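Peer 1: There's a structure below that I have some questions on.
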Amino acid sequence: MELLVLVWRQYRWPFISVMALSLASAALGIGLIAFINQRLIETADTSLLVLPEFLGLLLLLMAVTLGSQLALTTLGHHFVYRLRSEFIKRILDTHVERIEQLGSASLLAGLTSDVRNITIAFVRLPELVQGIILTIGSAAYLWMLSGKMLLVTAIWMAITIWGGFVLVARVYKHMATLRETEDKLYTDFQTVLEGRKELTLNRERAEYVFNNLYIPDAQEYRHHIIRADTFHLSAVNWSNIMMLGAIGLVFWMANSLGWADTNVAATYSLTLLFLRTPLLSAVGALPTLLTAQVAFNKLNKFALAPFKAEFPRPQAFPNWQTLELRNVTFAYQDNAFSVGPINLTIKRGELLFLIGGNGSGKSTLAMLLTGLYQPQSGEILLDGKPVSGEQPEDYRKLFSAVFTDVWLFDQLLGPEGKPANPQLVEKWLAQLKMAHKLELSNGRIVNLKLSKGQKKRVALLLALAEERDIILLDEWAADQDPHFRREFYQVLLPLMQEMGKTIFAISHDDHYFIHADRLLEMRNGQLSELTGEERDAASRDAVARTA
């Protein structure tokens with residue numbers, strides 16, 4: 001099993017130590033049975049020391065068994081911690097394009113459901129290991145008592161285990177399907193939570209989402225979980241009843257066939273009773289391990305970036321003068337839409353506005369410009385030199401951005417991840433009219449319950465605090481009131497230029513196009529620059545041009 005192989009590779013010596021403890025626990029368990037057989041059944045030892053010896057063995061068995069199980073459980077939790085941390089780091093290192101293809105619902109399912117299933121498996125793993133080791137050790141002890149009886153008992157037990165595995169295989173099959181259904185349910189949950197306002201307004205749509213999206217997926221989940229539980233419980237009960245049958249078989253072989261005396265039969269029965277709980281626990285634990293393997297395979301199918309422990313420090317381009325996109329093209333995976341070839345040269349300190357209709361490719365161009373999407377052909381050049389695709393972090397370090405689907409972080413960070421310049425923060429808090437709204441504590445924003453427009457202002461503050469050369473603003477002013485929108489174009493953008501910022505703003509505010517150094521337009525994935533009469537016409541009626 002690939003999951004256990006990975007544990008072995010990463011924690012070889014701790015794993016060996018845990019196995020040694022498990023072997024010691026099994027040996028003590030068998031030794032206790034031998035002690036009962038030799039000192040309490042066969043010879044009926046009347047010495048007063050027999051009880052303290054027996055109690056001492058019990059306490060030692062308890063301590064070693066508990067120690068081995070705790071050690072294995074702790075090892076499992078260390079592995080899960082490492083697995084989750086590596087998964088998060090791989091998400092952070094994976095191209096945005098790939099993350100968008102996967103979708104947040106499936107990734108959240110991986111971080112919650114899949115990792116939880118792996119955790120449960122490692123909690124139950126001690127039961128599986130203990131059951132296997134005790135079974136092997138007990139078989140060796142029973143062989144010494146009666147080889148013929150062990151052979152028949154082993155055949156009986158083999159049938160028991162085979163039947164259990166057949167049933168468990170069906171559990172595995174349904175668990176694999178169940179995991180796919182969970183992804184659908186997470187998408188349904190996201191629809192209900194993210195679309196709560198629209199669904200509250202439109203009860204017919206809410207009914208459709210509930211009856212046509214959620215209910216079929218929930219019913220499919222219910223079907224497979226019931227089937228999985230049915231086969232799991234069948235496996236446990238099959239094993240339970242067959243173990244009791246083995247005890248009857250032992251006494252039949254001893255008394256009817258005369259293969260052993262009553263003391264040996266009693267020892268056999270005692271050993272089987274001792275094995276009953278660990279063996280049944282092992283059978284019960286096996287589905288969790290199989291489910292964990294399904295979850296582990298699901299995590300691997302995400303095809304995220306390889307794990308790298310370090311966060312490479314990007315190298316800055318402090319004195320760049322021109323940024324050029326030369327014959328850059330990009331097409332989405334389904335080939336439903338493409339942009340390019342794009343040819344664009346940006347000079348340091350320029351203020352550029354990009355206009356275009358919905359679906360014209362504005363946001364895609366923004367993703368290409370910032371290095372979040374990789375061009376499928378063409379190249380990006382800084383001062384005439386191609387930007388290496390092997391180190392996109394160096395290029396991305398030029399940019400701060402405020403996207404339309406803004407996410408607010410509560411920590412203000414400056415260059416190189418250090419605390420933000422307090423004078424800069426104070427200045428822009430005042431400029432953004434947020435000084436009375438935001439509560440800061442040690443560079444952390446305490447209150448983030450803000451309106452959408454206010455969140456955009458905080459996002460701009462976060463971007464400016466990073467003190468990077470180029471700032472991308474994707475329809476930033478769309479959520480501002482008319483007064484502050486005018487303030488943004490007439491006051492804030494010139495202030496940013498005075499700071500040396502190069503500004504690339506996606507905008508539909510035709511009244512303010514006059515403030516741009518250059519006006520660009522995206523139309524059906526093609527970029528053009530508007531000059532002269534075209535620019536004047538766009539300024540008079542941007543809506544008509546971008547419809």
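Keep in mind that glycine also has a Cβ here, set from the backbone N, Cα and C atoms.
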Peer 1: If Swiss-Prot is the reference, give me the range from 270-290, 459-479 marked as transmembrane segment.
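Peer 2: Based on what Swiss-Prot states, transmembrane segment spans 270-290.
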Peer 1: Do any residues, 6 or more residues outside the transmembrane segment (149-169), come within under 8 Å Cβ-to-Cβ of it, and if so which ones?
Peer 2: 135, 139, 142-143, 231-232, 234-235, 238-239, 242-243, 245-246, 249-250, 253-254, 259-260, 264, 268, 272, 283, 286-287, 290
Peer 1: Kindly assign Gly356 (ATP binding site) to one of the three DSSP-derived states: helix, strand or coil.
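Peer 2: In three-state terms, Gly356 (ATP binding site) counts as strand.
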Peer 1: Name the residue among the binding-site residues Asn358, Ser360, Ser363 whose Cβ has the smallest number of other Cβ atoms within 10 Å.
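Peer 2: If we count Cβ atoms within 10 Å for the binding-site residues Asn358, Ser360, Ser363, the smallest count is at Asn358.
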Peer 1: Under an 8 Å Cβ to Cβ limit, what residues of the same chain, 6 or more beyond the ends of the transmembrane segment (270-290), are close to it?
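Peer 2: The answer is 1, 3, 29-30, 33, 36-37, 117, 120-121, 124-125, 127-128, 130-132, 134-135, 138, 141-142, 153, 161, 164-165, 168, 171-172, 175, 228, 232, 235-236, 239-240, 243, 246-247, 250.
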Peer 1: Using Cβ atoms and a strict cutoff of less than 8 Å, what residues sit near the transmembrane segment (125-145) while being 6 or more residues removed from its termini?
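Peer 2: Same-chain residues near the transmembrane segment (125-145) but 6 or more away: 19, 22-23, 25-27, 29-30, 33-34, 65, 68-69, 72-73, 76, 153-154, 157, 260, 264, 267-268, 271, 274-275, 278-286, 289.
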